[in-house]
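Enquirer: Would you mind keeping the following structure in view while I ask a few things?
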Amino acid sequence: MATAIPQRQLFVAGEWRAPALGRRLPVVNPATESPIGEIPAGTAEDVDAAVAAAREALKRNRGRDWARAPGAVRAKYLRAIAAKIIERKSELARLETLDCGKPLDEAAWDMDDVAGCFEYFADLAESLDKRQNAPVSLPMENFKCYLRKEPIGVVGLITPWNYPLLMATWKVAPALAAGCTAVLKPSELASVTCLELADVCKEVGLPSGVLNIVTGLGSEAGAPLSSHPGVDKVAFTGSYETGKKIMASAAPMVKPVSLELGGKSPIVVFDDVDVEKAVEWTLFGCFWTNGQICSATSRLILHKKIAKEFQERMVAWAKNIKVSDPLEEGCRLGPVVSEGQYEKIKQFVSTAKSQGATILTGGVRPKHLEKGFYIEPTIITDVDTSMQIWREEVFGPVLCVKEFSTEEEAIELANDTHYGLAGAVLSGDRERCQRLTEEIDAGIIWVNCSQPCFCQAPWGGNKRSGFGRELGEGGIDNYLSVKQVTEYASDEPWGWYKSPSKL
């Protein structure tokens, strides 16, 4: 029996609130193309209310209720949220799959990661108190100095549709751990589980206004949030083009932003690999999450000596991937998120073919699936570096292949991109792997694997992939401001000015 999509409202000041204009957006199951529910369509007026609620929560009781509360207080709520996520894991995973098309096994894995992320930042919230008032050594003995780390304030969090609840958690958990209050705007293409997060927060008694959730279109809710004068920082994950707009809207107020944008990441495979292992990692690196990963290693840079064998094995493996309704047991590739994304990916493949590339396999709808936004896992060869398929992010299950002969050529091809989120190198030569980790210009490098991600390690990229790092111990610092406190600690007068004569 299909799980019903709960009919939620916006979540503002700890309560469900109908959108000001009373509008709602359809939720479409990408596996069936059928509407399965609705989400509220928030607009600027709703964003105003959410920001006001966040500001009130930040300042309530002079900050003692949240922003200046002991880290252990905030940690208690984060751990309670984590426990509820695990309690509702099956329900949430199913909702995620219905909403965005992710295979159910992957969605369940995501829910474990969501809970783990809240637990991790709960620990950092507690340890933050121990890091306060850290002394600074000074060259003058008559001064003492220490540092405080304080919440940056009200933060606007704008998140994508490929990992709806997990990507939201990457921002919500550290922001709340730091003592910030937040307004979350998830993607209109996949907001269902983020609204369920609101229900979880209500259930655990999170103080009103600490987390507010406004769903709606990017132009109607996301844009007003990123430009809002009451928001002290914006953190965004999404496309390069939208990231530019967010930077521009924040610039007049000199508002800090952190951006995790697109990628066109390389995976370099040398001729000394175990071919079967390397083929699986190569396909996993591009086809995991239906190919909709910002860090997808979608440019295969393959040594010429093994190119023929490797490509033959990739095609065989790709044809063996189960493409099905993502609720089916064993599904390993579901539909892409929307009709718009489906048409965009088909156009990428068509353009590559028209420019002279060869479609080794895939690029079309599976014959056994008449409905849904499905595309077979696709491998494209005979690619030139000037082609669109090499240069632009597809965000779908499409892998392009380029061959190389020397290590220097491989490095040049790997760095031949405006992006710099991630990269992978597969080789049995550890020294070679080390060289490439240093040479590839990216924020994340995987060695003999692709796509592992742990909340304990920082995540973020270079170049047009954005700036700032999420996760890891530094993840909480994204939402903290450093305050220097310096004290004159001598009984002697400063003595810079001559004291006036006493009458």
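A Cβ is built for glycine as well, from the same backbone N, Cα and C atoms used for every other residue.
In case it helps, Swiss-Prot gives these features for our protein:
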- 161-170, Glu260, 292-295, Cys453: betaine aldehyde binding site (BINDING)
- Gly238, Ser239, Tyr240, Glu241, Thr242, Gly243: NAD(+) binding site (BINDING)
- Glu260, Leu261, Cys294, Trp459: 4-aminobutanal binding site (BINDING)
- Glu260: active site (ACT_SITE)
- Cys294: active site (ACT_SITE)
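On this model, are these features tucked inside or out on the surface, and what's nearby?
Expert: Following the DSSP three-state reduction, the secondary structure of Ile293 (betaine aldehyde binding site) is coil.
In the three-state DSSP reading, Gly238 (NAD(+) binding site) counts as coil. Taking the Cβ of Gly238 (NAD(+) binding site) as reference, residues of its chain lying under 8 Å away and at least six apart in sequence are, in sequence order, Ile158, Thr159, Pro160, Ser187, Leu261.
Counting every protein chain shown, 28 other Cβ atoms lie within 10 Å of the Cβ of Glu260 (betaine aldehyde binding site).
Using a 10 Å radius centred on the Cβ of Cys294 (4-aminobutanal binding site) and all shown protein chains, the other Cβ atoms total 27.
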Enquirer: I want to check the contact list for Thr242 (NAD(+) binding site): same chain, sequence separation of six or more, C-beta distance under 8 angstroms. What comes out?
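Expert: Non-local contacts for Thr242 (NAD(+) binding site): Gly218, Gly222, Phe236.
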Enquirer: Where does Trp459 (4-aminobutanal binding site) sit by DSSP, helix, strand or coil?
Expert: strand
Enquirer: At a 10 A cut-off on CB-CB distances, which of the binding-site residues Trp161, Tyr163, Tyr240, Trp459 has the highest count?
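Expert: Ranked by Cβ atoms within 10 Å, first place goes to Tyr163.
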Enquirer: Measure the Cβ-based neighbour count of Ser295 (betaine aldehyde binding site), defined as the other Cβ atoms within 10 Å of its Cβ.
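Expert: Excluding its own Cβ, the number within 10 Å is 27.
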Enquirer: Pick out which of the binding-site residues Leu261, Ile293 has the most other Cβ atoms within 10 Å of its own Cβ.
Expert: Leu261
Enquirer: Write down the Cα-Cα distance for Ser239 (NAD(+) binding site) and Ile293 (betaine aldehyde binding site), rounded and given in Å.
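Expert: About 11 Å separates the two Cα atoms.
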Enquirer: Suppose we draw a 10 Å sphere around the Cβ of Thr169 (betaine aldehyde binding site). How many other Cβ atoms does it contain, all chains included?
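Expert: Thr169 (betaine aldehyde binding site): 29 neighbouring Cβ atoms within 10 Å.
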Enquirer: If you draw a 10 Å sphere on the Cβ of Ser239 (NAD(+) binding site), how many other Cβ atoms land inside?
Expert: 16
